[in-house]
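As written in TrEMBL, here are the features:
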ACT_SITE  32  active site
ACT_SITE  75  active site, proton donor/acceptor
ACT_SITE  181  active site, proton acceptor
BINDING   75, 77, 180, 181  Mg(2+) binding site
DOMAIN    58-181  domain 'Endonuclease/exonuclease/phosphatase'
SITE      77  site 'Transition state stabilizer'
SITE      149  site 'Important for catalytic activity'
SITE      181  site 'Interaction with DNA substrate'
């Protein structure tokens, strides 16, 4: 059975961006983090300021009750590592990969002691994307992607867990009326 649980309020605008449930004793939290608009300057772009504020609330909210097995999934709209974007150098001033976003995301992940499942399964030197812009005529050919979708687990959920497969389902990205995101999944033995 799925048990409804309270999700932390991370959004200063009151938007419903976090949903949570308990399944077989494990909390599952799905987050849709604000995209942040186009201008990576919180002084001129309230959407970006909102995103940074959300990121700053994330770690402290999940640091509490860290003994509960917890999985966090969702579109976090941040590509934290160099190989989570098609060009680290060219995207440093583009919303989703700015130092302000990547540092806050990693700080929040570390505060709550979450492991980044994608990067446990796929080595850091390998490119890994879950999102491609609609603007590209042929998204697969240009392959200018970003890894914006994440699966994280805290230590209480990980101790006896073995990752069998981590997958980005590329076929869904190219389907009929596709999303600009490809679904991601992980299969584990507990």
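Cβ atoms here come from the backbone N, Cα and C positions, even for glycine.
Automated prediction, rather than curation, is the source of TrEMBL annotations.
Taking the features listed in TrEMBL, we show where each one sits on the structure.
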residue : record                                  : contacts (Cβ under 8 Å, 6+ apart)
32      : active site                             : 17, 18, 74, 75
77      : Mg(2+) binding site                     : 33, 34, 35, 36, 51, 96, 148
149     : site 'Important for catalytic activity' : 73, 74, 75, 76, 130, 131, 181, 182, 183, 184
180     : Mg(2+) binding site                     : 131, 132, 133, 134, 173
> What mean pLDDT score does the domain 'Endonuclease/exonuclease/phosphatase' (58-181) have in the model?
Replying inline: 91
>> I'd like the per-state residue tally for the domain 'Endonuclease/exonuclease/phosphatase' (58-181) from DSSP, helix first, then strand, then coil.
In response: 42 helix, 26 strand, 56 coil
> What are the other residues, in sequence order, whose C-beta lies within 8 angstroms of the center of the C-beta atoms of 75, 77, 180, 181 at the Mg(2+) site?
Replying inline: 35, 130, 131, 148, 149, 179
> When you measure from the Cβ of the residue listed as 'active site, proton donor/acceptor', how many other Cβ atoms are you left with inside 10 Å?
Replying inline: 18
> Counting every protein chain present, what is the number of Cβ atoms, excluding its own, within 10 Å of the Cβ of the residue listed as 'active site, proton acceptor'?
Replying inline: 19
